[in-house]
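Colleague: From TrEMBL, for reference:
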type	residues	note
TRANSMEM	25-48	transmembrane segment
DOMAIN	41-290	domain 'G-protein coupled receptors family 1 profile'
TRANSMEM	60-85	transmembrane segment
TRANSMEM	91-118	transmembrane segment
TRANSMEM	139-158	transmembrane segment
TRANSMEM	192-221	transmembrane segment
TRANSMEM	242-261	transmembrane segment
TRANSMEM	273-292	transmembrane segment
Amino acid sequence: MRMGNYSTVTKFFLVGLSKYPELQLFLFVLCLIMHVIILLGNSLLIVISTFDSRLHTPMYFFLGNLSFLDICYTSSSIPPMLVIFKSERKSISFIGCALQMVVSLGLGSAECILLAVMAYDRYVAICNPLRYPIIVNRVLYVHMAAWSWIIGCLNSLVQTVLTMVLPFCGNNVIDHITCEILALLKLTCSDITINVLIMTVANIVLLVIPLLLILISYVFILSSILRINSAEEIKKAFSTCSAHLTVVIFFHGSALFMYMKPKSKDTNTSDEIIGLSYGVVTPMLNPIIYSMKDKEVKEAMKKVLSRHLNLLKS
């Protein structure tokens, strides 16, 4: 193929859901409300996990990381998406598209690892409670959180660079609402065997294996819970684990649908809606789930809210 016949792509047009202007208006309002909830809910989780001494444990340290990760992830994708929904041109620069991809893919990858790390933390806490402070010490849990971010960012950097150096041969219309790597690969006019291979390996290492480790951890956790005699201890164990497990189901369910299902040439509307769920709904549900199911978080939130109400009354 003679590449000289094609102009260099300097920007992309995001035309996902453009056939449904009424739906775009609805999604604009919905995503705006959800983004506000994400910022407020996750910021509140970070604040209470930082300033409430009862939450100065590895589990809530990881939860604070998860909340900060969700804030960064959604702040890189939702505001540009809102602009696209309201804009007539619906364009994004080449560099802007690359930045959006590297941030969203990196933070999504980091969340996969972080959720597995949180499952390991719950496994040690419930299955080996006496040695928990020794095993999951400060050095270990800080390193585990840091490596979650590092591995996620490295994976994202490699995949984004390998995608953006491909020739697009003038094709710059992305049938998606964000600069998503699968949508970009459909535009290229060269062989993407290496990209697909690396993406498959990354999906197995960062998505499938962490999910298997989470499931194995919960098999051991459930076995240990069933041997507990105290009803109060059983209730406490279930409250901390059920919140994490619910988040895992929402996150991994949508991620598996997006990245592990057979790929088609055309983007379906269902793919875009699932992508929206993966990128917006799950980060919004995280603080809601933990505030409802985790006893310590619930009590800390009540304490913060009652304090602010008292200040307003006075």
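A Cβ is built for glycine as well, from the same backbone N, Cα and C atoms used for every other residue.
How buried are these features, and what lies next to them?
Modeller: Mean model confidence of the domain 'G-protein coupled receptors family 1 profile' (41-290) amounts to 86 (pLDDT, 0 to 100 scale).
For the transmembrane segment (192-221), the list of distant contacts is 109, 112-113, 115-116, 119-120, 122-123, 126-127, 151-152, 155, 158-159, 162-163, 166, 181, 185, 237, 241, 245, 248, 252, 255-256, 259-260: same-chain residues at least six beyond its ends, Cβ to Cβ under 8 Å.
Residues of the same chain lying 6 or more positions beyond the ends of the transmembrane segment (242-261) and with a Cβ under 8 Å from any Cβ of it are 66, 108, 111-112, 115, 118-119, 122, 182, 199, 203, 207-208, 211, 214, 218, 271, 274-275, 277-278, 281-282, 285-286, 289-290, 292-294, 297.
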Colleague: Should anything in the same chain at least six residues away from the transmembrane segment (60-85) have a Cβ under 8 Å from its Cβ atoms, list it; otherwise answer none.
Modeller: 14, 24-25, 27-28, 31-32, 34-35, 38-39, 42-43, 45-46, 49-50, 92, 96, 99-100, 103-104, 107-108, 110-111, 114-115, 117-118, 121, 141-142, 145, 148-149, 177-178, 247, 279-280, 282-283, 286-287, 290, 296-297
Colleague: Thinking of Cβ pairs under 8 Å, which stretch from 25-48, 91-118, 273-292 has the most of them with the transmembrane segment (139-158)?
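Modeller: Most contacts with the transmembrane segment (139-158): 91-118.
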Colleague: Cβ under 8 Å, sequence separation of at least 6 from the ends of the transmembrane segment (273-292): give me the contacting residues as numbers and ranges.
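Modeller: Tertiary neighbours of the transmembrane segment (273-292) are 27, 31, 34-35, 37-38, 41-42, 44-45, 63, 66-67, 70-71, 73-74, 77-78, 104, 108, 176-178, 180, 243, 246-247, 250-251, 254-255, 257-258, 298, 301.
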